[in-house]
Amino acid sequence: IRYVREKTKTDVDMRVGVHTGTVIGGVLGQKRWQYDVWSTDVTLANKMEAGGIPGRVHISQSTFDCLKGEFEVEPGEGGTRCDYLREKSIVTYLVIVPKQPVNKNGINGVKLSLTSSHGNSPQLINTKECNGSIHTTCTTPDENEELDTRVSADYSH
């Protein structure tokens, strides 16, 4: 957030809330399709943002568990700012700083999600479980071109 402020010379501030969990996703509508996701975990992710602090990243216990110590955190006390978090006794944290510098492949070499340069192309995603939750990592842009070709060939039959 600080980086965006400095680069754009704009006084922008935002709250970021992150929760790791499960969702049900689907397409709604007959004429104009809209993709949506539902679950109590989606609601909790929304409340993590609502109970956050401008300029900070507010995470749930399940997200903290999946990070495996990659970031330093402090108590988030989200329940003091959001009734839902207080009523559900949700433990929250605020991210301080990465323990190690982020490189082009992500923290400690773990690949971060990337967007394909082909906006409407299918993208293959690798998943691995973490404490009952799913982590996703996408292929790199160079790999996407090869995958787009293979996926297009698979769907052209």
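Indices start at 1 and increase along the chain as displayed.
Cβ coordinates come from backbone N, Cα and C, glycine included.
Which of 74-94, 137-157 counts as region 'Disordered' depends on TrEMBL, and there it is 137-157. According to DSSP, the secondary structure content of the domain 'Guanylate cyclase' (1-49) in residues is 17 helix, 13 strand, 19 coil.
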